[in-house]
């Protein structure tokens, strides 16, 4: 099994948050606590190597750990953050989680590490019905393929998965860990459920 200490984990907070009215999702409060703090609280017992990908409000995010922005500017979606994370992390294996999922599994890192094989390039979480492409673990050897993918302007992650040795990690026993909060209404509803 890959040791969790040999991985870095990047919290993806670099999006435009258009469905949240453009507000930086990681800094939006849920029950008086920024969303990113929920993610950090879940990740910290699992790994000591946490980084943050943010393209705005970097000074605010620095209180939580090292922060870096995308190298491919104005690239929609998480792929720019994944690319930057692979460049910035000091480990060969780099995991990614979104900043707006307060219920991340307490054994997420371990599950990913257990699934690694010698051939693995990319691991992607699967909830039993759908793949969860922002809950993922990449080996740095994917970086040249990902760079070429972004330079071509490709947006369909499934195309990159086909170029790499991609495997899926089973989270069908805990699909709620992928609940993400994209709109003010979802945030309000989730806050009421959590209270």
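The backbone N, Cα and C atoms fix where each Cβ goes, and this holds for glycine too.
Bear in mind that the values here come from a model prediction, so they are computed numbers and not experimental data.
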GTP binding, same site as 12, 13, 14, 25, 53, 100 - Swiss-Prot member from 41, 70, 118, 121: 70
Site with most surrounding Cβ atoms, counting all protein chains shown within 10 Å, from the binding-site residues 14, 25: 14
Diameter of the GTP binding set by C-alpha atoms, the set being 12, 13, 14, 25, 53, 70, 100, in angstrom: 18
Residue, out of the binding-site residues 70, 100, whose Cβ gathers the largest set of other Cβ atoms within 10 Å: 100
